[in-house]
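Copied over from TrEMBL:
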- 20-39: transmembrane segment (TRANSMEM)
- 21-235: domain 'MacB-like periplasmic core' (DOMAIN)
- 266-285: transmembrane segment (TRANSMEM)
- 277-396: domain 'ABC3 transporter permease C-terminal' (DOMAIN)
- 325-344: transmembrane segment (TRANSMEM)
- 371-392: transmembrane segment (TRANSMEM)
- 427-447: transmembrane segment (TRANSMEM)
- 525-635: domain 'MacB-like periplasmic core' (DOMAIN)
- 688-708: transmembrane segment (TRANSMEM)
- 692-804: domain 'ABC3 transporter permease C-terminal' (DOMAIN)
- 740-759: transmembrane segment (TRANSMEM)
- 771-794: transmembrane segment (TRANSMEM)
Amino acid sequence: MNLLHDLKYAARLMLKNPGFSALTILVMTIGLSICMYNYSFIHGVMLKDLPFEKGDRMYVINTVQNGTEYNGGSVYVADYLVMKEQLQGLEMSGAYYYNNVNVSGTGRAVRYRSIVTEANVFDFTSVPAMTGRVLNDQDTIPGANPVAVISYDLWQNFYGAKSNVLDSKIDIDGHAHQVIGVMPAGYKFPDAADIWTPMQLQMSDVKRGEGPALEVFIIPDEDTPISQINAQLDNISQRLAQDFPETNSGRGAMAKTYRIATMGNGAMIIISVLLTAVGFILVLACTNVGNLLLVRANERAKETAVRVALGAPRWRLISQMMWESLLVCLISGVFSVLLAAWGLEISQGIMAGVYNGPLPFYWTFEIDSHILLMSLLIVLATAILSGLVPALKISNGDFNSWLKDGTRGAQGKKAGKASSILVTMEIALSCCLLTIAAIMAVGANIVTKADYGVDYQNKYYARIELAEMAYPEDGDILQFYRNFIEDMLAQPEIADASLAGNVPGRYTGFTGIFIEGMDAAKVSEYPRANATSMMPGMLEQLHVAPLAGRLFDASDNDRAQRVAVVTDTFAMQHYGSIENALDKRYRFASDDAKTWYTIIGVVPHMIFGQPYAGFKERPAVLTSALQDTQRYMAVIATPSGTLSASDLGPVVQRALFSQDQQMAVYRESTYAAEIKQNTAGMLFLADIFKLMALAAVALAASGIYGVMSNAIEQKTHEFGVRRALGATDESVVRLVMRKATMQLLIGALIGSPLAWLIGNQMVSQFATNSIWIDVMYGAMPLLIGVIVLISAWFPARKAVKFEPSAALRYE
């Protein structure tokens, strides 16, 4: 009965002042909605268990080379065999690697993503085939009949969903494979793929350091902690380094959850900062609502004191005041869940554009039961945080103090102290959050304007792969590339075209380099550099001019001495100057033949991969594709006249079909879009931080102004007394401004160092020392300072407009 009475009492209080109640709900909704949205986004992308029976225990093994962690696709075949044999406490382990393939038939070739895997990959998910069967151990025996399991989408799109698909063969890179099964719609494990083929590899025959780089995933026993698995991996890595220093010195391994392993350490830092910012927003919202409820409680202070004097239990008073806070938070919680769901729906569309290709199967953008439960807990915690302090403050039992202190509208001293503490807390949190958001925005702007060392505007980009069966020899590969380039240049829509193993802005091999004359005993001690090959004409098409020497030409073929063009960072790092690098020699650490390359040119620095720490400053060596053939190549074409790069897709495909009708380009885009892709995720996060910064400014400005205005208004009687005794208006205003300045200084001294600690972690990802980042450390506290001083100045000026006689009568 008391519960229902308290609820009605709280509802009457809210309806009595609907404007105040609406403001309180709005403030809390801003904080809660941002908190729920960000937590839902982070949970769906990073924290949620995989959607399988044992998804909570699924881990990926990443390798670590000289302290640098490599995410997926980096475990040696020989190392995997040792891990599989020696790791204790595993319920299951498996390995696979990606292989983009050309699928031909019905008069056309289509590019699909394939996974070459051990047979037990399907055991991890316990999902049977929709039609037919999945792979088994017999399929992985070397020499077994080639078979393939296909996805639901491939069955629909390539085979037209025909019922007798199991009677069909699928031509993969020129090899006929029997279709043995079709997976259910939406099945995407271990990642998005359309074809699963068995790994017919006699692993024990693969030499150490050779063979495909594997992605390894494990499921530990239920009673085996992952820390124990990682300790075993450390021991195994140390033994391998001792036994095989040439390939394993400085090499380690680490098991991480599937989501974290694929996102990388840099993302974890940003996500941690994002979670911290979410916490700050929530505390700001709680502080604001607490301030507003404290103002409301102060207005009822005398009523509360009278009730205490008449014998009302303290817990009863606290309960009644807490119900108002709970109602505010529950109403705000409903609005916040709806806003968060709307934000997630928008984010899914944005991320589909940010992520090149299908989104990871484990990403979810929805409000599920876990999110609803967490939202309820957040609402309850927020109600307690925002309502308990005012309730305890007002119901402290010192009713005589309230009765004496509350006359003439003067502000209670203890309530005033509580408000001052809350304002100082808001200033500190706002300083920190705004500084972090500003650093994120500046950093995102810096990385989007990174100089990759090439001209990537209005250029077509795609990739091709030559099947080994169709092009077994290097001569066959070279002839195809020459003919393909000639056919592209013969098209009137194409002004220029060339090929490269990879181009700046895309990741390439980061390999060990042995500099002639260098004293290094182990491969792990060799310096490393990005390495790729390019056809003559590629650098010219990208408007790269040599700083010294020359670029590749047709004479740098397989009959001439091996040559290389290096970046100025490589030249300065190893030879001290650009000119000294010319005619010097190096070889690749992984090259058993120990082929030497002579440096013929030096070009400006190029960024291969994303422009973040760990990648941005890496030196690079480029070799002639006429000498170092690669089956995977990037296609770059420049349109003629007023044509756009996006118009060249059919033209390039036509030139490719004229050479091989069983081939198809894949990852078609524009070069500029590929570059933009590098920082799209960072820009998205920057937008989230900007949204939180705006919310922080709104919360801080409204909260600080509201509390200060109320506090100054409550002191109108005191100001009247001071002025009646001879104080000038200016001295009263200075008194108010002095107190506000003190609160500002204390808040800034707390918030700014905290922002510096968090900001430094973020700056480390940008690999830059921009002066604008340093400016933000000072500019954001100044912005908060302006808000605080304005919040004090206008109410103070309003208070001194009263004549002293009127102020003395002010209630």
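Every residue, even glycine, has its Cβ placed from backbone N, Cα and C.
Curation does not apply to TrEMBL; its annotations are automatic.
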Spatial neighbours of the transmembrane segment (20-39) far in sequence, C-beta under 8 Å, 6+ residues away:
14, 274-275, 277-278, 281-282, 284-286, 288-289, 292-293, 296, 328-329, 331-333, 335-337, 339-340, 343-344, 371, 374-375, 378-379, 382, 386, 688, 691-692, 695, 698-699, 702-703
Could you give the residue numbers and ranges of same-chain residues that sit at least 6 residues beyond the transmembrane segment (427-447) on either side and whose C-beta is under 8 angstroms from one of its C-beta atoms?
273, 276-277, 280-281, 283-284, 287, 610-612, 678-679, 682-683, 685-686, 689-690, 692-693, 696-697, 699-700, 704, 743-744, 746-748, 750-752, 754-756, 758-759, 762-763, 765-766, 768, 770, 772-773, 776-777, 779-781, 783-784, 787-788
Which sequence positions outside the transmembrane segment (266-285), separated from its termini by at least 6 residues, show Cβ-Cβ distances below 8 Å to it?
27-28, 30-32, 34-35, 38-39, 42, 46, 260, 378, 382, 385-386, 425-426, 429-430, 432-433, 436-437, 440, 612-614, 681-682, 685, 688-689, 692, 695-696, 699-700, 703, 758, 761-762, 764-765
Going by DSSP, how much of the domain 'MacB-like periplasmic core' (525-635) is helix, how much is strand and how much is coil, in residues?
17 helix, 34 strand, 60 coil
